[in-house]
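Peer 1: According to Swiss-Prot, the record shows the following:
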ACT_SITE  SER118  active site, nucleophile
ACT_SITE  HIS143  active site
Amino acid sequence: MLGGSAHGGPVFGGVQAPGARYILPSFEERTAYGYKRQDPYAKLFEDRIIFLGVQVDDASADDIMAQLLVLESQDPDRDIVMYINSPGGSFTAMTAIYDTMQYVRPQIQTVVLGQAASAAAVLTAAGAPGKRLALPNARILIHQPAVGEAGHGQASDILIQSNEINRMRAWLEETLVKHSSRTLEQVNKDIERDNILSATEALKYGLIDQVLTSRKTLPALVK
């Protein structure tokens, strides 16, 4: 659910905040300067790969934006790859990442592993044209935004929330039209309820450009 929480908590309907996870292993690599210990995410970052595998919130948005800006400073003409497996989350956190993706010079290739729901679906579609991919069993979910705790407070407060959610929905519709092959009328209808698309359906919808069945086709898309 595209929305927000005053405390940065989970806002995607039915999704619980992740509990304790397994310990991420670290490993050593031999370099010209000796051995270097690092974790898988650091290794991916060295290869200009960003992994969005959590809910989209202020913390994850800050992490993603920082990585985008650093990779741009390292090489502004080389692609960045963003792997996505996310249930979505905060609207404002999503727009912060979205704007940064459009702002940096490198083209952003997006690859969906598992799912890209709600806010994460928008980020998937915002990748560079021709470089938005999904694995065969990935799914993409689009729906209208919602504001947490809406409907409470004085009449003037409710009106403010109503105006804001209308603004959010208008932005979402225009953005999905921009990054898909659908019309505004089609998108308006399609996001009224949860709209779950398979990788093939997302391809037909225009949210991605290719269903990635083999890794052999991936390097050709990266400059």
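The backbone N, Cα and C atoms fix where each Cβ goes, glycine too.
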Peer 1: Measuring Cα to Cα, how many Å separate HIS143 (active site) from the residue listed as 'active site, nucleophile'?
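Peer 2: Approximately 6 Å lies between the Cα of HIS143 (active site) and that of the residue listed as 'active site, nucleophile'.
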Peer 1: Take the Cβ of SER118 (active site, nucleophile) and count every other Cβ within 10 Å, whichever protein chain it belongs to.
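Peer 2: Neighbour count, Cβ to Cβ under the 10 Å cut-off: 33.
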Peer 1: Using all protein chains in view, find how many other C-beta atoms are within 10 Å of the C-beta of HIS143 (active site).
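Peer 2: There are 20 of them.
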Peer 1: Return one of helix, strand or coil for the residue listed as 'active site, nucleophile', based on DSSP.
Peer 2: coil
